[in-house]
Amino acid sequence: MAFSNYCFVLSLVVAFSLTTTNVSLAARQLLDTTASPPPASTLPTIPSLPKSTLPPLPSVPTLPQATLPPLPSMPLPTLPTPPPLPKPTLPPLPTLPKATLPPLPSTQIPSLPNPSTPTVPMVTLPPLPAATPLPTIPTTIPSIPTIPTTIPTIPFFSPPPSN
C-alpha cells in the first residue's frame, strides 16, 4: 500500500516537472518572437445553392365531431347518521404516598496515606572494552591495467589456410 502511494506521488512529480518544462520553453519562445500582427486570412466564398421548390403540403381532412350521450341523472343515496356514542370517562388516579429518603450519614471519609516514591538503587555499569582501531583508508589510487589493443584470432572465424 505504501509502495503504491510512493509510486503514485513519484509519477505525479515527474508529470508536473515535465509539464512545467514544456510550458516554460513555450513561454520563452513566445517571449523571444517579435510581436507581428497575424496575416490576414481570406476565406473562400461559398457558392450559393439553387433554391428548390417544394410541393405544397396536403391539407388535413376534417374529422367528424363525436357526440356523447348525456349522463343519467340519478340521485345519490343518503347515508344514515350513526347514533351518538357516550363519552368514556376514566376513573381518577389513586394518590400515592410521598417517598422520603433517610438522611445520609455524616461520616468523614478517611484520608489515604500518601505513598512515597520508592527509591531506585543505583546501578554501576562495567567499563567499556578497549576500542578497536578503525581501518585505514588508502590514499593512493591503484594503477589501472592496460587494455590490449590487438584482438586474438579465433580459429573458427579465421579463413582456412591456402594451399
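A Cβ is built for glycine as well, from the same backbone N, Cα and C atoms used for every other residue.
Among the features that TrEMBL reports, signal peptide is placed at 1-26. As annotated by TrEMBL, region 'Disordered' applies to 33-113. The feature compositional bias 'Low complexity' is assigned by TrEMBL to 42-52. The compositional bias 'Pro residues' annotation in TrEMBL covers 53-105.
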Q. Who are the chain neighbours of the compositional bias 'Low complexity' (42-52) in space, where the CB to CB distance is under 8 Å and they lie at least 6 residues beyond its ends?
A. none
Q.
Can you break down the region 'Disordered' (33-113) into helix, strand and coil residue counts using DSSP?
A. 0 helix, 0 strand, 81 coil
